[in-house]
Structure formats: C-alpha cells, structure tokens
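Note sheet for the following structure.
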Amino acid sequence: MRTEDLIGALAMDLAPSRLRFRRLFAGALLCGALVAGALFLALLGPRPDIAQAAASLRFLLKFAVTLGLLAAVVGLLLRVAAPGREAGAWALAPFAAPVVLAMAAAAEFALSRGDEWRGLLFGDNAVFCLMLIPLLALGPLAFLLYALRRGAPARPGLAGALAGLAAGALAAALYAAHCVNDSPLFVAAWYSLAIGFVTLLGFALGSRLLRW
C-alpha cells in the first residue's frame, strides 16, 4: 500500500471517531450546564430586578463576554482534544472576549469621577463572586474532563486548562444573572480571578487525568 493510500485510510478511520467524540463532548457540556444551572437555581437564582437590568448595556456585556469566551474556548478545545489537529485561528479566539472587557473597563475608569472607580471596582460582593463562580464550575469541569479522557489530547495540561476556562466562563455567565454589580471594572477584576482559579484547577487535574 502506498503512503498516500495509508494516510487516506487512517483519515477515514478517524472521521467516525471524531464524530463520536464531538457527540460525547456536546453531551458532557450539556450535562455540565444542567448541573451548574440546577445548583445556581438552588443557591442563588436570578437577581430580583433582572427584567429592568436587561435594558442596560453593562448588564448585557457580562453575558456577551462570558458566553463569547465560552464559545471560543469550546471551539479551540475541540481542536486540541485529539492528537494531530491544528488549532489554527481558533488559538486566538479566546482572546477576543477579554480584549472587549478590558476596553470597556478602561473606558469606565476613564469616565469615572474622583474615587467613584473604587466603588465600581470592589462592588459589594466581590468575595461572594470569588467563591460562587468556582463552585458553579465544578460540575461542568468534571464532565468536560470525563469527555476529554476519551479524546486523548496531546497536551493534557493545556486541554485541562481549557476545560477549566470553559467551565469558568459557563459558571460566570450563570452567576452574572444573579450579580448586581454590572460594572466592567468589577467584572474584569473579580470574574477574571474566579475564572482564572478554575483554569488553574483544570490545568492541575488535566495534567494528571488526561495523560495517555
């Protein structure tokens, strides 16, 4: 058999496997979202004024950033979950949401008067944010790591970190519906710290659990 024929045969064998993994990954993401959503409703629930808040661009920005980050990381994760796949342009996709958030935070800081920025930055429940986002992310992270074990990623630490980043973004999107602090300064500081913690946790777990 010629080399080209062998490569073609291997590619045909990989196609059904990749399709099965994508289905497993989608199921894991859905299950993780359901677990996190149930925990969110049991512990927190949406803020009382959510209908009025939905008319605010700052409130909507929280979801644009967190859900945009989630979509970008999921796209990248599907490409690093199996050996032999190139990340391509998806490697840059997760940077888009943080850049948008940083620009919004910088604009709010520039427009704030006197010490007003301090109240915007610290809000009234920063510690609550740091605890609840990682808690809500545990379920999605567990399901994503379970799916990734079936994908044999070539870089387990990176795959685990991306799983943590995705889980953190999902949890942050849920928490955003409860959080009354809509300031981009608050979101950039405390949401980022909470998501960063889950990302580090994912890296640590992925380095151990996703080895071949």
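In case you wondered, yes, glycine gets a Cβ from its N, Cα and C as well.
What TrEMBL says about this protein:
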TRANSMEM  24-45  transmembrane segment
TRANSMEM  57-78  transmembrane segment
TRANSMEM  90-113  transmembrane segment
TRANSMEM  125-146  transmembrane segment
TRANSMEM  158-177  transmembrane segment
TRANSMEM  189-210  transmembrane segment
| field | Of 24-45, 158-177, 189-210, whichever stretch has the most CB pairs under 8 A to the transmembrane segment (57-78) | value | 158-177
| query | Hey, which bits of the same chain come close to the transmembrane segment (158-177), Cβ under 8 Å, at least six residues off its ends? | reply | 29, 32-33, 36-37, 40, 44, 46-47, 50, 59, 62-63, 66-67, 69-70, 73-74, 76-77, 80-81, 94, 129, 132-138, 140-141, 144-145, 148, 151, 187, 191, 194-207, 209-210
